Amino acid sequence: MATFQAHFFAAVMCVGVLGLSKLCGADSCEYPDCVFTGLPRSSGVERYILLLNIIEVPDDIQQQCDILIQRAHNCTSQRTGCSRRVEESYDRRFYDGAYVMYLLDLGVYVCGHLSQLLDLKNCFTPKLQESVQSCINAAYNIQCLLDQYDQKNNCPPNTDDYFHTLVNNWLANNPYLGTGADRD
């Protein structure tokens, strides 16, 4: 059941949040150029989570996930072992199958924990956001992120756990961590 849910939510993210609907039918990590034509420079997952723009998470994100779930009924995800294809240019990172799969998995996590994300948004202040974002400079300084958050937040304990998991289990595993291609 857990595997089905993982595939289902990967399909959900495939269809909507990332705008990569053609990936749903891809049989390998060799994605054709047309898949990426017209793709926004930053996906929602990148904009709000990877860059820690927590206070800008849209209020209707739950509604967006509900719509994505409906769309996912017509999409079968193809989970493949994507090899690394590190792209030095930020614009070309979507040609790296491992990065695309990372974003899909991160989107699954975010969609599966929306209540915690919204709780985090409710206690995040502009000052806290600025403090944690100061720890991102071509790479994540994981200890700085955790320290800045722990020193400057008024968030409930469950939100603290969510932020720590997001940083330790997701941001720390960004395939573009430290490559210089992980920021606009």
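Keep in mind that glycine also has a Cβ here, set from the backbone N, Cα and C atoms.
Looking up Cys155 in Swiss-Prot gives a disulphide bond whose other cysteine, out of Cys82, Cys111, Cys123, is Cys123. Reviewing Cys111, Cys135, the cysteine that Swiss-Prot connects to Cys144 via a disulfide bond turns out to be Cys135. Contacts of Cys155 (disulfide bond) defined by a Cβ separation under 8 A and a same-chain sequence distance of 6+ are given as Asp119, Leu120, Cys123, Phe124, Phe163, in order along the sequence. When Cβ neighbours within 10 Å are tallied across all protein chains shown, the highest count among the disulfide-bonded residues Cys135, Cys144 belongs to Cys135. Put simply, Cys111 (disulfide bond) is 25 Å from Cys135 (disulfide bond) when counted between their Cα atoms. Take the disulfide-bonded residues Cys111, Cys123: by the count of other Cβ atoms within 10 Å of each Cβ, the lowest one is Cys123.
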